[in-house]
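Features of the protein shown, as given by TrEMBL:
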- B:12-36: transmembrane segment (TRANSMEM)
- B:52-69: transmembrane segment (TRANSMEM)
- B:89-107: transmembrane segment (TRANSMEM)
- B:128-148: transmembrane segment (TRANSMEM)
- B:154-173: transmembrane segment (TRANSMEM)
Amino acid sequence: MFWIGILLVLISGVGNYIYFQSSKLEEPIFLEHYITKNIFDDQETVEIGFNYLIDKHEFIHVSYVEVNGVILTPTNEGRVWFGDGQEQISYKQAFNQNYLMEVLLEIPISEVPIDFSKEVWTFEEIDVTFSNHQQVHTNIGTVTIGMNEENTDVFEHRSSSDSGDRASEDVLEVKKSVRLEEIRLPYKQVENQLHMQINSKPYVASEFGAMELQKDDSLILQFSTDENLTSFIELDVALHGVTENEGDFTYMLTVIREPWLNQTSVNQLVKESKDQLK
Amino acid sequence: MKVAFTKITWGLIIILIDIHIFVDILPNPIGYYLIYQGVVNLTNQIDGEKKASYLAAILTFISIPSVFIPQNQGDLFLETFSLWSMYPLLLGLLKLVLVFYIFQLMLDISRLAEVSNIHQLTTRLCNSYVILSLLFYIIETFSINFVGNGFNTIKVIVTIVMLIWEIRLLILVNHYKKVKPISLV
């Protein structure tokens, strides 16, 4: 009996070790982010957040990020210190073998090699250096930073409500009679993930025709996402159109969606990442 | 008999206590060497099985790296050489086998002892100690894959119970100093 017990412990040790090795991440996995940020003339910095999965056993956090030669430094450390010197990991979500972490990064606008009055800054890939000196080159979805384009007072934002994590509703009051000609999502990929309804009718942004709006009408915009969303969305939906007297206008509506991951979606993300690295 | 069990007791204490100030200030190899001396002394007296002394001698050498590695930080080795990550577990299991052999020696002695209940006491502690140790190590092996709060609670409880049993073992071994087998009297 004694020897069977010892043998069982050994088998369990080897088995767990093999499982641990096979599920260990080669490198942290960054989720997809679809972000647009509008800046104003006198703005010096803009903050963006990236989410990534790490192994629970090796707690690491982002030291800095480099994009097109611009260094982005974290404004949160990914860890909290208690009074007694004990270190507590601050994570967003915990899974069997992974933590979902968020790093908030400050972008110094003056150091970006872009003339923001003429163009926007878009990037899809970043170089990340972690606290253990591991360097990772990774895709993070798409980030676009540009000057604020909003130039209108045709809509007044009446209310905004969130029904849970996956749906939101914004009510706009029309102040002038206008012809709404285009609703533009900044990224094509997001169209499949972010479902839009205008006045309770579903629309696909790219197929939106035109809509005549009278003064004092209400425009209700609803956005919802699927339950299994794994990307982060923080973008401005642009409403373009013409007014009767004042020409073109653009109105920006910010939509933010964060996924709530579960073990199944984490397993899937880990699997996809491993397949990619092969 | 007294000398043998004093050495074994001290050996077990040194192995149990793990105070790392750069290195283990109560090095495990010294503990295993004391046990080796004690067990050799004992087997000479009662003409018992030599397995325990062989194993204690082997452990004296195998445990040398543990002087530099805190016992509770085996995780550090998961990142590097794969055999090293199994080292704390292997060391623990070998120690369990050694304790099991020592129990067998004690049972041999108590079978002949003039005090009748010590044999029964030793049998019971041997069984519960072995079962608890196996449970402890099984949980330990799973702990690399489950780092949840619930799991940690189980681990802490089993570790505390295990510590109590280690102390019970020490008390029992110490008690054997006074046990006199009838045949030797």
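Each residue, glycine too, has its Cβ placed from N, Cα and C.
For the transmembrane segment (B:154-173), same-chain residues at least 6 beyond its ends with a Cβ under 8 Å from one of its own Cβ atoms are 5, 8-9, 12-13, 16, 99, 102, 106, 121-122, 125, 128-129, 132-133, 135-136, 139-140, 143. Long-range contacts of the transmembrane segment (B:89-107) within the same chain, counting only residues at least 6 positions beyond its ends with a Cβ under 8 Å from a Cβ of the stretch, are 8, 12, 15, 32, 35, 39, 42-43, 46, 48-49, 51-52, 55-56, 58-59, 62-63, 66, 74, 119, 122-123, 125-126, 129-130, 133-134, 137, 140-141, 169, 172-173, 176.
Taking Cβ pairs closer than 8 Å, the transmembrane segment (B:12-36) reaches residues 53, 56-57, 59-61, 63-64, 66-68, 70-72, 95, 98-99, 102, 166, 169-170, 173 in its own chain, all 6 or more past its ends.
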